[in-house]
């Protein structure tokens, strides 16, 4: 009787594991292939060889790149090189990516930047917020951008128990931001288990010097985040659920879900086209290729444009798609004055003139 019970429990456990594995493959879109959608007048950006996970562009055309991200279990083309912040002036005829100097006292050796966001104060001071993973921990760094010196002055490091696994950030004040946690746990093994079991425990946190709180939760894996041009709505990408959530922002900074847009791809970072309000999305057509790297069958890239996201039927178009022969693992796309920048999780970055 005991053996029969043990065998029954083992069978149930194996069936559950098999079901979870199949569900994970579906969430990763493990069988999906992408058809190429090419853009003319594109070239790879010199100096970006190991990823530009996030990009943010100021209204004056200065673009910031978060480069060199490293995560446990994730492929890296430069595993021993610290990350950094690069800048490109898109007003130049042939813009180049230049690394910004960082003020003394900041630990550059462990700099591991992830999501980034800029905020321009009423006195025109530019702040750069950077999600950082020094030694695979979680902090948010606030810098002041000093344009004349092409440098960043480090102002503050933020750590908080409600920020255990920060992915992306959108600044809404000089020390105020919304941030996504892509996992509930910070321990790598528990992160893998959480993803495998599909617990939907990830969230969005609002941070200010006076208040820190969870303002949205229940995501499979909350990832990219941005804000509408009128500052009334927050957009959140749920990468493994293939969704973009539109949330209304209230005066107390709480969020209320307004709608969910379902897509057929893994949605990463979100950018806003300042000329139209369209949402540009860096996507991973096949997540399994992204996380299990094979140079003979590399991860593909995909960029979507979403028009009228607040309407009942938003228009979704594919701006760019590549099977990995040019660009592997696109994570972000940002546009300025008919110039498109596409960054990747750990590969190169692309500059296109539209």
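Every residue gets a Cβ built from N, Cα and C, even glycine.
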*Which one of 226, 323 gets the tag N-linked glycosylation site in Swiss-Prot?*
323
*asked:* Quick check on the annotation: Swiss-Prot has 167, 223, 268, 269 binding Ca(2+) 1, so which of 53, 92, 353 does it put in that site too?
replied: 53
*Swiss-Prot has 54, 116 down as binding Ca(2+) 2; which of 168, 182, 187, 220 does it also list for that site?*
168
*Specify all same-chain residues, apart from the site residues 53, 167, 223, 268, 269, whose Cβ lies within 8 angstroms of the center of the Cβ atoms of the Ca(2+) 1 site, ordered by sequence.*
54, 114, 115, 168, 224, 237, 239, 282, 331, 332
*May I have the list of same-chain residues other than 54, 116, 168 whose Cβ is within 8 Å of the Cβ centroid of the recorded Ca(2+) 2 site, in sequence order?*
53, 55, 56, 66, 113, 114, 115, 117, 130, 131, 169, 224, 269, 332
*Nearest of the binding-site residues (116, 168, 268) to residue 254 (N-linked glycosylation site) - Cα to Cα*: 168
*Relative to the Cα of residue 223 (Ca(2+) 1 binding site), which of the recorded positions 54, 168, 352 have a Cα no more than 10 Å away?*
168
_DSSP state at residue 254 (N-linked glycosylation site), helix/strand/coil_ = coil
_Tell me the Cα distance separating residue 53 (Ca(2+) 1 binding site) from residue 116 (Ca(2+) 2 binding site), rounded to the nearest angstrom._
9
*C-alpha of residue 352 (disulfide bond) to C-alpha of residue 168 (Ca(2+) 2 binding site): distance in Å?*
24
